[in-house]
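According to TrEMBL:
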- R8, H9, G10, K11, T12, V13, W14, N15, R58: substrate binding site (BINDING)
- H9: active site, tele-phosphohistidine intermediate (ACT_SITE)
- E80: active site, proton donor/acceptor (ACT_SITE)
Amino acid sequence: MNTYYIVRHGKTVWNTEKRTQGQKNSELTEQGIEHARQFSRKISHMHIDEVYSSDLKRAYETAKIIRPSSEIHLEKGFREINFGLWEGLTIEEIQKNYSELYSSWQTSPEEVAFIEGEKIVEAFERVKQAFWEIDSKHENKHILIVAHAMVIKLLLVGFLDAPINKIFNIVQGNLAMNIVKTKNKKATIVTMNDTSYLD
């Protein structure tokens, strides 16, 4: 059995501005950095065997703050969804300029292919494959994963064997912790979206 602590990166400038980030990046805010430090203190008593992070800067920098003395394995499979032309735009701008696609995204995300981006179903498969490949390499380990909101939501709907459109029923705040245990290629969710330790 492996135990996973799956965490969203710290708050960024674009999170504050409510801009879609996707695979573009913006810097961690002071609050994002401080929350990463708080998370680091929360898990300081825990034994962590391995640390994996999305290779996007905001996730990797969060991972370095959380576990400064650990080797961090960068995993491209945990990159945020490529939202294509939506990246850098606010929700209001997306609704104005891509109203039909936005409506489809809200109602039938499994059918959406982002313009100059990727299909949600492809992202779903990418994320699942990355996770289960990591799981196959370890046994009886405690593993920290730092990733992104949609990546974590896709993982969780996969663990729940729920349809992709249920991603909108799952909340993932910055530095939210999810605890998942795996055994025999099956996952059990212990904790979801725990931000109780944050100021």
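Positions of Cβ are set from backbone N, Cα and C atoms, glycine also.
Note: TrEMBL annotation is automatic and uncurated.
Not measured: the values here are computed from a predicted model.
Cβ atoms within 8 Å of the centroid of the Cβ atoms of R8, H9, G10, K11, T12, V13, W14, N15, R58 (the substrate site) belong to the same-chain residues Q21, S26, L28, T29, G32, N174, site residues excluded. When the alpha carbons of the residue listed as 'active site, tele-phosphohistidine intermediate' and R58 (substrate binding site) are compared, the span between them is 6 angstrom.
Taking only the Cα positions, the spacing between G10 (substrate binding site) and the residue listed as 'active site, proton donor/acceptor' is 14 angstrom. Proximity of W14 (substrate binding site) to non-local residues of its own chain (separation of 6 or more, Cβ distance below 8 Å) is seen for T20, Q21, K24, S26, G88, given in sequence order. When other Cβ atoms within 10 Å of the Cβ of G10 (substrate binding site) are tallied across all protein chains shown, the result is 27.
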